[in-house]
Amino acid sequence: METVQLRNPPRRQLKKLDEDSLTKQPEEVFDVLEKLGEGSYGSVYKAIHKETGQIVAIKQVPVESDLQEIIKEISIMQQCDSPHVVKYYGSYFKNTDLWIVMEYCGAGSVSDIIRLRNKTLTEDEIATVLQSTLKGLEYLHFMRKIHRDIKAGNILLNTEGHAKLADFGVAGQLTDTMAKRNTVIGTPFWMAPEVIQEIGYNCVADIWSLGITAIEMAEGKPPYADIHPMRAIFMIPTNPPPTFRKPELWSDNFTDFVKQCLVKSPEQRATATQLLQHPFVKSAKGVSILRDLINEAMDVKLKRQESQQREVDQDDEENSEEDEMDSGTMVRAVGDEMGTVRVASTMTDGANTMIEHDDTLPSQLGTMVINTEDEEEEGTMKRRDETMQPAKPSFLEYFEQKEKENQINSFGKSVPGPLKNSSDWKIPQDGDYEFLKSWTVEDLQKRLLALDPMMEQEIEEIRQKYQSKRQPILDAIEAKKRRQQNF
């Protein structure tokens with residue numbers, strides 16, 4: 001019966017949940033169909049609204065999460081009413097979870113489509129996606145809101161090919177008294193120079209990220225994706241704006257569009273309204289040109305799911321035969337030996353909001369598309385601790401995770417020869433590096449490899465020092481707010 005219901009068109013369009021629906025238990029209003037993946041702060045499920053038959057996405061967020069950030073995300077979505085921004089329908093509290101009901105985009109994110117097809121987008125396809133995305137950004141910026149995490153993984157497509165901005169977990173609101181923000185937040189490779197430098201930024205920070213996203217859609221990954229993100233953090237503000245790896249492959253209009261986005265000075269960078277008038281965007285074709293790549297991606301995903309299901313069924317048969325063989329005097333040990341059964345899951349842990357992933361895709365990839373197999377994979381979506389943690393930039397969370405991985409990988413290994421002596425770690429006076437000439441190539445390579453963990457450790461120490469100064473101020477502000485509320 002459920003399949004028939006899904007094939008029928010919605011009886012009427014769901015615009016917002018009414019008061020009667022919001023007073024009921026969510027299970028009375030929705031049928032949860034399947035888990036789609038993990039987004040910022042919670043798990044995302046596909047569900048059907050019983051009254052209208054409309055498919056929706058439901059983000060289930062543990063109450064132990066950072067409620068302030070979640071409320072901010074809801075607040076921003078609630079204020080938005082644009083066909084180019086994912087719609088918000090309402091929220092429920094259920095046991096220890098907050099259920100956030102949102103618009104469902106069946107084709108997934110642009111980065112999902114690239115990975116599923118193993119193919120980047122053409123210029124025509126990119127222009128169409130950018131046109132809708134710019135309309136969404138124009139709307140947000142008119143509302144004085146900054147998305148702060150624009151990338152291919154946060155641009156969702158519905159099955160008709162309409163692009164919508166999603167995942168407002170790190171979005172910010174600009175007020176009249178706060179012309180620029182100073183918070184470092186976003187994904188390293190997509191971040192604007194002024195965001196990294198913490199010199200204050202406004203809505204055009206999203207335009208820089210959009211330029212990086214245009215390169216990502218064309219080449220499969222953002223600039224600097226091949227290097228350590230810590231180095232990228234230092235290179236983005238100091239190096240000239242990035243360009244295509246092979247500029248000769250792209251038209252002058254597309255190249256100029258990216259150039260207009262990637263202007264280092266925010267004051268001279270184009271706005272969303274201005275870029276909508278750019279020849280590359282104005283000549284964009286209709287959304288119908290995206291339907292073929294959407295259908296191709298969905299077919300690939302369906303075939304992979306069918307293949308995985310066959311493997312699961314085959315494993316079940318093999319295990320059943322083993323059970324019959326073990327029914328004699330031999331008793332089967334229960335424990336680690338049970339690892340032959342595979343879980344029938346089609347979603348990775350690293351999926352973004354309302355984005356369906358196939359479990360054969362790289363896990364925890366976020367949105368950065370890597371064309372070669374031996375490169376590192378990054379993203380913004382990280383699992384968060386259930387306990388409350390001080391806010392920190394997402395790229396620092398990434399560095400901490402990498403540091404833990406490095407420590408695990410290096411456990412039991414000896415320290416490289418020239419690095420055993422603590423004096424070798426000191427910064428030479430007056431930049432005198434003559435002593436390096438006496439080292440072997442192997443020793444120099446070991447020292448180079450050791451620099452990144454050192455840098456990350458120093459950054460973490462600075463962050464902790466800053467947090468120790470910041471937290472008492474935040475506590476004092478919160479205490480004053482509580483006293484004002486009591487009055």
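Using N, Cα and C of the backbone, Cβ positions are placed for all residues, glycine too.
As annotated by Swiss-Prot, active site, proton acceptor applies to Asp149. A sphere of 10 angstroms centred on the C-beta of Asp149 (active site, proton acceptor) encloses 27 other C-beta atoms.
Per Swiss-Prot, ATP binding site is recorded for Leu36, Gly37, Glu38, Gly39, Ser40, Tyr41, Gly42, Ser43, Val44, Lys59. For Leu36 (ATP binding site), the count of additional Cβ atoms within 10 Å of its Cβ stands at 25 [all protein chains shown].
The coiled coil annotation in Swiss-Prot covers 290-310 and is backed by sequence analysis.
As annotated by Swiss-Prot, compositional bias 'Basic and acidic residues' applies to 303-312.
Under the heading compositional bias 'Acidic residues', Swiss-Prot lists 313-326.
Predicted-model confidence for the domain 'Protein kinase' (30-281) is 87, expressed as mean pLDDT. The domain 'Protein kinase' feature in Swiss-Prot is assigned to 30-281.
According to Swiss-Prot, the domain 'SARAH' annotation covers 433-480, on the basis of sequence analysis.
The feature N-acetylmethionine is assigned by Swiss-Prot to Met1, with similarity to another entry given as support.
Annotation comment: Swiss-Prot describes Thr3 (among others) as phosphothreonine.
What Swiss-Prot records for Thr183 (among others) is phosphothreonine, and it gives similarity to another entry as the kind of evidence.
The annotation phosphoserine is assigned in Swiss-Prot to Ser265 (among others) on the grounds of similarity to another entry. In the three-state DSSP classification, Ser265 (phosphoserine) falls within coil. The number of other Cβ atoms within 10 Å of the Cβ belonging to Ser265 (phosphoserine), over all protein chains shown, comes to 9.
Feature annotation from Swiss-Prot assigns phosphoserine to Ser320 (among others).
Annotation comment: Swiss-Prot describes Thr340 (among others) as phosphothreonine, evidence class similarity to another entry.
Annotated phosphothreonine per Swiss-Prot: Thr367 (among others), in sequence order.
Per Swiss-Prot, the feature phosphothreonine maps to Thr387 (among others).
What Swiss-Prot records for Ser410 (among others) is phosphoserine.
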Check: Across all chains shown, how many C-beta atoms besides its own are within 10 angstroms of the C-beta of Glu38 (ATP binding site)?
Finding: 24
Next item on the list: Tally the residues of the domain 'SARAH' (433-480) by DSSP class, grouping H, G and I as helix, E and B as strand, and everything else as coil.
Entry: 45 helix, 0 strand, 3 coil
Check: Rounded to the nearest angstrom, how far is the Cα of Asp149 (active site, proton acceptor) from the Cα of Gly42 (ATP binding site)?
Finding: 17
